[in-house]
Amino acid sequence: MHLKQVDLDMYLPVRNLICVIWPVITSHRNLVCCKEKKERERKSPPCFIWLHLSVCRPVLRIWTVVLLLGTCLLYCARVAMPICAVSMAERFSWSKRETGMVLGSFFWGYCFTQVLGGYVSDRVGGEKVMLLSAAAWGAMTAFTPILAHFCSQPIVSMTVSRFLMGLLQGVHYPSLASLCSQKVVESERGFLMSTVGSGSYLGTLVIGGIGSLMLDLYGWESVFYISGLLSVLWAYSMWKYLLKGEGPIITLESLGSAGTQSKLSKRNWLRLFRQPAVCAVIITHLCNASTFFTLLSWLPTFFKDTFPDAKGWVFNVIPWFVAIPSSLFSGYLSDHLISQGFDTASVRKLMQFFSMGVSSVFTLFLCGTTTFPTAVAFVSAIMGLTTFNHCGVSVNVQDLAPSCAGALFGVMNTCGAFTGVIMVYFSGYLIEATGSWASVFGLITVLNLLGLGTFLCFAEARRVDIDLAKGRYHNIHI
């Protein structure tokens with residue numbers, strides 16, 4: 001029966017009733033393919049579409065801003081130690097080797113909780129894991145100066161502290177992937193992930209600017225106090241106003257509950273890893289993380305060696321200013337193309353092509369760079385294009401396996417972190433052996449093309465976390 005266009009304000013009781021009933025009905029339906037979903041929405045009454053958007057999108061915007069701030073504070077706390085490392089080394093008489101041990105201990109801890117964080121998030125909710133971990137690493141950051149001053153062996157306390165920081169922060173991105181895959185529809189995941197991902201660049205800029213100023217004016221302790229307390233405040237605000245004060249309690253019963261998601265993780269993990277599309281996202285993310293960690297670690301040294309008279313703040317700040325709007329644009333472009341009817345897998349591949357393919361061209365350009373402004377422009381282009389990864393392989397894992405996206409992303413990030421550390425060390429060996437930066441940039445290009453080729457050949461966007469014996473999808477809330 002055709003419904004006439006009416007003034008919705010005249011039927012507020014009916015609209016409110018539909019707002020309650022409609023999510024309940026749709027949450028118990030099996031997922032269908034994208035074409036069938038779009039056809040159903042096209043045939044639905046205009047009032048249904050309007051009501052659905054008015055309920056979901058304001059909440060999505062609030063969560064996007066909150067998660068953006070959380071990721072920003074995550075990097076503020078993470079980068080606090082590198083910024084204060086020189087002052088702390090002078091205060092406690094650390095050698096270069098001891099300073100490196102303190103800084104490197106974070107990444108070893110970061111590797112070990114990726115899979116566990118995603119595993120728990122898929123069962124109890126990514127928001128709970130993120131909240132508890134943020135309160136813990138925020139408190140750890142705030143107590144860092146106290147541990148350093150009151151411990152008889154500061155080098156030991158700081159190494160253990162950074163290792164624990166890595167353990168606690170390692171669950172952030174897997175829990176974010178789990179939360180997004182279970183709560184956000186496919187056509188809006190790109191913008192959310194790219195926006196939240198830009199928080200890492202924003203946090204690096206904030207702590208690099210304001211943190212350096214606080215370091216000069218009030219001492220290195222103030223950097224840890226402020227970043228830690230703000231992180232705890234963010235966690236409290238999220239618990240109080242978004243979770244409505246519901247206790248983020250994770251019990252053994254909730255972890256052991258045999259829901260549809262846990263059934264998948266127990267019975268079908270081996271089958272999942274046999275899927276070419278799953279192997280493709282793991283290999284692509286491994287290559288992407290390795291090249292990004294290498295650039296992040298060695299670019300400052302490249303500028304110092306090649307352009308010794310250049311000002312450090314220029315090449316340490318400008319690329320991150322470019323990365324933020326680039327990340328937001330990639331998210332908007334990705335969601336816009338999907339909403340216009342383009343194939344989801346093709347859009348993911350296009351975003352990854354910009355991230356690893358086009359950026360490799362500018363990486364090769366660095367080999368023959370002779371002027372400082374040109375080098376900064378090329379590096380800024382590389383960093384800006386790399387952010388398209390947030391709408392490529394990073395979100396593709398949620399397309400493939402939304403019921404276990406957190407744990408699967410944890411596997412990807414663990415592999416990427418380990419290979420990233422190895423790649424950074426190997427790049428240093430190449431620089432010493434060849435005396436040329438072209439060898440490092442060439443290796444980065446080869447890895448990028450390897451990952452890109454794998455993704456273009458095997459990537460898909462259909463769900464693979466299904467029970468083939470029964471031929472049905474696992475339930476998921478969107």
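Even glycines carry a Cβ here, placed using N, Cα and C.
Marked as domain 'Major facilitator superfamily (MFS) profile' by TrEMBL: 63-463.
Remote same-chain residues near the transmembrane segment (60-80) are listed as 106, 130, 134, 137-138, 141, 144, 165, 169, 172, 176, 183-184, 188, 191-192, 195-200, 202-204, 206-208, 211, 223-224, 227-228, 230-231, 234, 238, 242 (criterion: CB distance under 8 Å, separation of at least six residues from the stretch ends). Among the features that TrEMBL reports, transmembrane segment is placed at 60-80 (among others).
Outside the transmembrane segment (101-120) by six or more residues, the chain places 78, 81-82, 85, 94, 129, 133, 155, 158-160, 162-175, 177-178, 250, 255, 265, 404-411, 413-414, 417-418, 420-421 with a CB less than 8 A from a CB of the stretch. Here TrEMBL flags 101-120 (among others) as transmembrane segment.
The transmembrane segment annotation in TrEMBL covers 132-152 (among others).
Residues annotated as transmembrane segment in TrEMBL: 191-211 (among others). With a cut-off of 8 Å between Cβ atoms, the residues of this chain six or more beyond the transmembrane segment (191-211) that come close are 60, 63-64, 67-76, 78-80, 83, 176, 180, 184, 223, 227, 316-317, 320-321, 323-324, 327-328, 330-332, 334-335, 387, 390-391, 394-395.
Residues or ranges marked as transmembrane segment in TrEMBL: 217-236 (among others).
Residues or ranges marked as transmembrane segment in TrEMBL: 277-301 (among others).
Remote same-chain partners of the transmembrane segment (313-333), defined as residues 6 or more beyond its termini with a Cβ less than 8 Å from a stretch Cβ, comprise 190-195, 197-198, 201-202, 204-205, 208-209, 299-300, 303, 351, 354, 375-376, 379-388, 390-391. The transmembrane segment feature in TrEMBL is assigned to 313-333 (among others).
Residues or ranges marked as transmembrane segment in TrEMBL: 353-372 (among others).
Look at TrEMBL and you will find 378-395 (among others) tagged as transmembrane segment.
Marked as transmembrane segment by TrEMBL: 407-431 (among others).
The annotation transmembrane segment is assigned in TrEMBL to 437-458 (among others).
The stretches the transmembrane segment (277-301) and the transmembrane segment (132-152) do not meet in space: the count of Cβ pairs below 8 angstroms, excluding pairs fewer than 6 apart in sequence, stays at fewer than three.
Same-chain residues lying 6+ beyond the ends of the transmembrane segment (437-458) with a Cβ under 8 Å from its Cβ atoms: 276-277, 279-281, 283-288, 290-291, 294-295, 298, 302, 305-306, 349, 352-353, 356-357, 359-360, 363-364, 366-367, 392-393, 423, 426-427, 430-431.
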